[in-house]
Amino acid sequence: MENIMTLPKIKQVRAWFTGGATAEKGAGGGDYHDQGANHWIDDHIATPMSKYRDYEQSRQSFGINVLGTLVVEVEAENGQTGFAVSTAGEMGCFIVEKHLNRFIEGKCVSDIKLIHDQMLNATLYYSGSGGLVMNTISCVDLALWDLFGKVVGLPVYKLLGGAVRDEIQFYATGARPDLAKEMGFIGGKMPTHWGPHDGDAGIRKDAAMVADMREKCGEDFWLMLDCWMSQDVNYATKLAHACAPYNLKWIEECLPPQQYEGYRELKRNAPVGMMVTSGEHHGTLQSFRTLSETGIDIMQPDVGWCGGLTTLVEIAAIAKSRGQLVVPHGSSVYSHHAVITFTNTPFSEFLMTSPDCSTMRPQFDPILLNEPVPVNGRIHKSVLDKPGFGVELNRDCNLKRPYSH
């Protein structure tokens, strides 16, 4: 009889943070909104706060970067470690060190689903429908997958059953789709800059932006709009029709997450052939089931916010059962290892984090070492063949561990 590998137990979990309101600004990392000055990601982008003039020019003005990066590390009894990053900062550290640790330490490194279920159920009374708590649980879950892969010597995508394609092809999110085309991406997604409080003039301005970019990029390059929860159904419908002559591929996250009836109506009224997408800020499996029932075309969970890889796999199954695509919100290696195993993810998102979108920069720079970026708009599966998620933690970053246990 062949020997069966004896897996170690988890000895300790630790949590650090960097950036956010209580540390240095512009740290980047897991909180990719935490960028320095003159960055496209903070340049007059439409948000739910844009209706207040004091907060319409900059997303950082209303505090989009106050959380900072959470780093969770899990250590096995044999000394091997796994880690992950997300957006939860110092508050996430408290949740990990003072609550979730009891469900992690002492478990076998393969007990990922058990730990995940216990974390979800133990936080129901204060987690609501996602948010900070789910970001934290996601980070723990990803760290556990990283550790498991390193212990058994396999990349995470092979733990999920293996690749269904040889490479991942990407579209780029940023202010310059024309530059993205030159870099080999299949499409470009731009943020909208105006909302319902701007009236029809706002629609005309954003439609003109799409028209200008269509002229620069040509007919065969995808163009999309990211509306970041900033619109209502009427405005979104009018904007979609205003952009239809320029072959807009999809219109994304027009409405706040819980407006399911609004998404159903928007899908009914959108121009024929234009897709409606959402999911970045949905935070539970149940919310994605309801979102799927609206009939939208693509669900876009963030693996660092929706419950981790364990939940992302379940979301992909929901989407597949309805013939929908699941294209995760850009989350680098954490989604790469998942989507290369999903048959309903024919492409993926790469978030441009260079200030003017003119260069390729790893999304979670500088917190991850050896983080891959697309080459000619693609990443081959061989790039993902290192154990775990294949990246290392940059311990030269200003990491703080505010709590212990």
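Using N, Cα and C of the backbone, Cβ positions are placed for all residues, glycine too.
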Of the candidates Asp226, Asp232, Asp297, the one that Swiss-Prot places in the Mg(2+) site of Glu252, Glu280: Asp226
Residue among recorded positions Asp226, Glu252, Glu280, Asp302, His329 with Cα closest to the Cα of Arg59 (substrate binding site): Asp226
Three-state secondary structure, which DSSP defines for Arg59 (substrate binding site): coil
Neighbour tally for His329 (active site, proton acceptor), based on other Cβ positions within 10 Å of its Cβ: 22
Asp302 (site 'Increases basicity of active site His'): nearby binding-site residues from His33, Asp226, Glu252, Glu280, Cα cut-off 10 Å: Glu280
Distance from Glu349 (substrate binding site) back to Asp226 (Mg(2+) binding site), taken between C-alpha atoms, in Å: 12
Rounded Cα separation (Å) that holds between His33 (substrate binding site) and Glu252 (Mg(2+) binding site): 18
